[in-house]
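Take a look at the structure below.
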Amino acid sequence: TTFYISYFNTAITFVGLIAIVVSIAYTDNINESMSKYVSIDAMYDAMSCIKSTEGNYEDSLLTFRTRSGAIYGLSLFFMATSLSFIDQANWQSRIAAKPVQGVIGFFIAAIMFFCLPATIALPATLTYASMAYENGTHLLSQNEIVNGFITPFVLEKIMGSTGAYLLITSITMALMSTGSGEVMAVSSIVVYDIYKVYINPFRRLLTPTSCILCGLQKVGGKHEVCSCPTSAECIDCSKDLKRKSKTRDFAVQYTCPVHGDYRHYEDLLMHHKSWCIVWVTISVIPYALVVYASNINLTWVIFFMQGTISPFAIPLLLAIIWSRCTSPGVITGCVVGLIGCIAANFVVTEVVYEGGLSNFFINTIQDYSLLAGCVAGISLSSVCTIVTSLLTNKIKTEEDVAHEWDKTISINNPLNPWQRLYEEELAQFPPGTKPTAAIMGQIFRSARNVAVYGGLSFVFLFLVVVPAVVLSFGVLTREQFSSYLTFSYVICFLAAVFVVIAPPTEEMYQIVKTWKSSRNTEIQKEKVPKTELSRL
């Protein structure tokens, strides 16, 4: 259900963007009085006459050679990467898919992300600039500009109520898609990471390698080992599931002596999560009203928040890939990195910019302030996490490293084990083979290669190739300016086509593939009795 909702929301968003772009750039469906402002010539003339701030090549706005732009670009790389990496909603989407699909989907989403500002914000800003240039002054207040009102203002002027409705529809669909993911992420943290672990756990005083059903250890040793059967092979569980499918009553009495109590516990958690989603959604409304009433600078909120998030990425990464990483190391790295990030930002703000911290909401999101905060936060969090982990970890031998891996693979749901999801990949090994780190690395080698080499290629592309190409131009000519806008529109069209066509095509392919697999299984089952009879 979540997939289909996200698909339709995203598809409608891009269709709305295409409708706006086509109406503005390729049709006459705009107000006649505004037609002179949306032409490429009008935009180019206005940007040619408006002088830029200090740091641009030849004091022009028609250039990519801008000092502040380069620093902002580097800062945004750190901030956007950190934000995407630590976002719980992103992790839930990635884990729901298999590794290769998740990695490729992440890369495709990163490319499509660039379509949004290039196709809406840029033309709207350029149109506003041409309007303000002819008017001789700004048409919006400074507070309205920093809060993002340029785009709705321009679309309403150009397309009338149609433009306003299209923009509202696109924004609403985007908010429904991303907002629903974030609400579910917060609800999952509250229920599964707080309530389930600390408030009302199913079984207390468990070690990371203990079976949550019986409390015994899952790995071998001097202690008694768990022998609980899997739910897929449990006859009582099959009966319970059939009984549950025939009723909507929450208080279903499960009869399985092994899995029944935990299945009821999972139902209870799902019930709590449903209510948590409701209350989190409701709580967003007063929060939004408070933000609106405070008249806070939303641009500052976005940039400063992303800057303070950057120190958390490396500790999280180390917690995933480094067996010697410890919880004290992660906590110390995050806390020290956050303090260092804020301190560096404030110091640079006070020293470099006029007005210092007295002009807080403007100077703390300037280029050097953000860059200093990101670099200091990431560096301190990395060093502190590594040093503290080396001092506090208890790993001395390779057996200790293997035990850490056992903790990882023991994170499982006995009713829906991860081995079932990767049954096809694990089938290449003999039944009962313990999935060691080497085996998992062999199975998902292609996914790792795609992630590593694809990630490095994207970093090289967006931090080296693209900047080198655009910086090779000085002040853009009229033809170069027109080509840049056209290229942005083409990318948006391609992204919209991909968004609308690719997901349902992939879904149909998976449905047909599953149907054929099930059909072949049924045929094989039908052949077994005949084979037995022929032997007799």
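All positions are counted from 1 along the displayed chain.
For all residues, glycine too, the Cβ spot is worked out from N, Cα and C.
Annotation source TrEMBL lists transmembrane segment at 7-26 (among others). For the transmembrane segment (7-26), the residues of the chain that approach it from at least six positions outside its boundaries are 38, 115-116, 119-120, 123, 127, 155, 158-159, 162-163, 166-167, 169-170, 173-174, 176-177, 485, 489, 492-493, 495-496, 499-500, 503-504, judged by C-beta separation under 8 angstroms.
The transmembrane segment annotation in TrEMBL covers 70-91 (among others).
Taken from TrEMBL, the feature transmembrane segment applies to 103-126 (among others). Tertiary neighbourhood of the transmembrane segment (103-126): same-chain residues 14, 17, 20-21, 24-25, 38, 43, 46-47, 90, 93-94, 97, 150-151, 154-155, 447, 450-451, 454, 458, 485, 488-489, 491-492, 495, 498-499, selected by CB-CB distance under 8 Å and a gap of 6+ residues from either end.
Only residues 6 or more beyond the boundaries of the transmembrane segment (275-294), in the same chain, are considered here, and those with a CB under 8 A from a CB of the stretch are 179, 183-184, 186-187, 190-191, 301. What TrEMBL records for 275-294 (among others) is transmembrane segment.
Taken from TrEMBL, the feature transmembrane segment covers 300-322 (among others).
Residues annotated as transmembrane segment in TrEMBL: 329-348 (among others).
Taken from TrEMBL, the feature transmembrane segment covers 368-391 (among others).
Sequence-distant contacts of the transmembrane segment (450-475), counting only residues of its own chain at least 6 positions beyond either end whose CB sits under 8 Å from a CB of the stretch, comprise 57-58, 60, 62-65, 70, 73-74, 77, 99-100, 103-104, 107, 110. Taken from TrEMBL, the feature transmembrane segment covers 450-475 (among others).
Among the features that TrEMBL reports, transmembrane segment is placed at 481-501 (among others).
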The transmembrane segment (329-348) versus listed stretches 70-91, 368-391, 481-501: most Cβ pairs under 8 Å: 368-391
